[in-house]
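Asks: Pasting the relevant annotations from TrEMBL:
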- 12-118: domain 'Cadherin' (DOMAIN)
- 119-226: domain 'Cadherin' (DOMAIN)
- 236-341: domain 'Cadherin' (DOMAIN)
- 342-449: domain 'Cadherin' (DOMAIN)
- 464-556: domain 'Cadherin' (DOMAIN)
- 645-678: region 'Disordered' (REGION)
- 571-593: transmembrane segment (TRANSMEM)
Amino acid sequence: RQHEAPRRVKRAWVIPPISVSENHKRIPHLLVQIKSDKQQPGGVIYSIKGPGVDEEPLGIFSIDKFSGKVFLNAMLDREENDRYRLRAFALDLGGVTLEDPTDLEIIVVDQNDNRPLFRQDVFTGRVVEGAEPGTCVMTVDATDADDPDTDNAALRYSILEQGAAGMFSINATTGEICTARPGLDRETMGVYNLTVQAADMSGDGLTTTAMAVIYLEDINDNPPEFTKEEFSMEVEEQATGVDVGKVFVHDKDLAGSPNWLAKFTILEGDPEGAFAIRTDPHTNDGVLSVVKPLDHEVRDRFELTVSVRNERALEPSAPASPRALATVRVRVRDVNEAPVFRENPRRISVLEGTPPGTPITTYTASDPDTHQIQTLSYALLYDPADWLQLDPHAGTVRTKRELLHPSAFLQGGWYIALVLARDDAEPPLSATGTLSIEILEVNDHAPQLQPPAGVLCGRPGRGGTLLLGATDDDRPPHGAPFHFQLSPQHPQLARNWSIARFNGEVTHAVLAVLAELPEGPYSLPLLLRDSGTPPREQQQLLNVSVCHCGRDGTCLDGALAAATAGAGITLGALLIILGSTILLLVLAALGAARVRGRRRALRKGLLQRSGDDMRDNILNYDEQGGGEEDQDAYDINQLRHPELFSSRAKPPLRRDAPLSSGTPTGPRKLPSSPSDIEDFINEGLEAADSDPSVPPYDTALIYDYEGSGSVASPLSSIVSSLTDEDQDYDYLNEWGPRFRRLADLYG
């Protein structure tokens, strides 16, 4: 195969690059003329295509299609487009290509038409004051849009202005700014404003400027100083926690920084630590305050030596200076002070039963105002039981009445009173003192035998003992243990009786029979003594009922035990009483039915007013007596045998009436015959109702009193439970006006 020889391109059709300067002002400008070797006169049509022709930007280049001349039709900007690549075509008149398309390259030549530009208008840097020369602070930089390969973009930096000191220099090529001299002092000049310049053409072309601001950072190179050497202040005595005044300082370092913040110390003049000084964080001044109360009478002025320094230590490079000191003079103003009870509370002891008017203590206060003449007065502020009286001038406390124990106003044996002391200043001030009075127990009560009666078996040994007890109103140590003994005045008792301590108890003893005794009541005089100082003793009678003994040593006579036992009975007697009580309950249940039938039979008899003697009715149904302990009732024999009581006899005395009540003005006339008992009772009721000196109960009601110490249980509840619910009281309406009230209540 034969190789085809390279095709020869004619020189006229190969177009070398064409250079044209940007910003060319002669428009249109001939750039080049292209020709085809196959050119026939008037037979070739030329054309170009590419950016600037038929592509954006349009209309920059054009060609004469007959001559092949290429023209520049607009100014070029190298910063927008530094070269254009076009294609040239040659065609005949029929549109047939005569030559292959050829490249046409147009190069835009740069001109220095752009100034340098700093990246920012203001550059900021910081450097500590006192920095050594050569300490770099910051770098400024600029750019140039011109061709970087030409001098049009070769930049140089310089400082146009920085003040007279010339403290900074700049690297012309890199734009780095550094310190040039020593002596940077923030307190002298804290900010430096530099005007820097960038120029192209290696410093000879176009220029631009910017600001470089350099701040000096503070170091602690200046100690604080007092604005003056002496300060004067004053404060009221007794004031605490208050500010007295300020001491003023000045520090050249940066305000608000640790290098500026001051710290104060009181060096001399306050040995008791009555003052304190702190720093005001806003003004950096020292604030002097009182932390302990001051007393004008003790010390009326202070002279303090105060020093100041920074919270942060001074830099080694700072110049040496003496310690800053100032003198602060404080005057203490005198004011009225409240009285003071030096002993508060005051504790004293007083015997109970101390007679009224007895001085028990003198409780006074002192006035701290020794430089002022004042008089103190006293008053009782709190005396809940009104037991005390107080001398308003001397402060002497006396008893107003007997201090008795126990009392609701005592707390653990102590009586609390408050005393008020007041001066006569204007305005007056007062103080309160607490008076604590211990009421000491006095042995003023003898022990009492409890119970005063009992029942025991009269046989020595089993059952022949009785447990005795005693009580004492005094508090320990004036009470138990108690000592029981038979009365020394009756030595014959020791033949039949003995008393011994009960199992080590301090409040009980055991009475024992030494010889077999006949049944019946016995009164034993006993001597009881407490353990007080001095001891109190009292002789008391013990009523003992000796019962009939069983084989096991218990009493067989339950009725006797129930009548006289009391609280100090033996176990055998207690069992007898319980058995008797059960028997009585059974008898009461059986008798309830009989009473119910008897009342129904009585209803018709009363309505018919039978001719039976009224005395029989009263004796059979209404004579209930006064119970086991009723010793104050009238003698019922007056109603049974009125003829035995003449009109001249002494009128019956109501022994149940108070001692102050008087007797009637004259005896009531007794009924002349037993059938007039009803009238006799009515007259007695009228006499009792009209007598203002007796309690509000009449003669008839006195027979309803049954006493309050019965051993047996009451039977009324048993009867009522059997009869009240089904009892018909409608017959009371038929008994007349005297029973109308009962008919209203029960009918």
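Numbering starts at 1 and runs along the chain as it is shown here.
Backbone N, Cα and C define each Cβ position, glycine as well.
Show me how these features fit into the structure around them.
Replies: The average pLDDT the prediction assigns to the domain 'Cadherin' (12-118) is 86.
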Asks: When the domain 'Cadherin' (342-449) is classified with DSSP, how many of its residues are helical, how many are strand and how many are coil?
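Replies: Grouping H, G, I as helix and E, B as strand yields 0 helix, 47 strand, 61 coil.
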Asks: What does the DSSP secondary structure composition of the domain 'Cadherin' (236-341) look like, as residue counts for helix, strand and coil?
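Replies: Summed by class, the stretch gives 0 helix, 46 strand, 60 coil.
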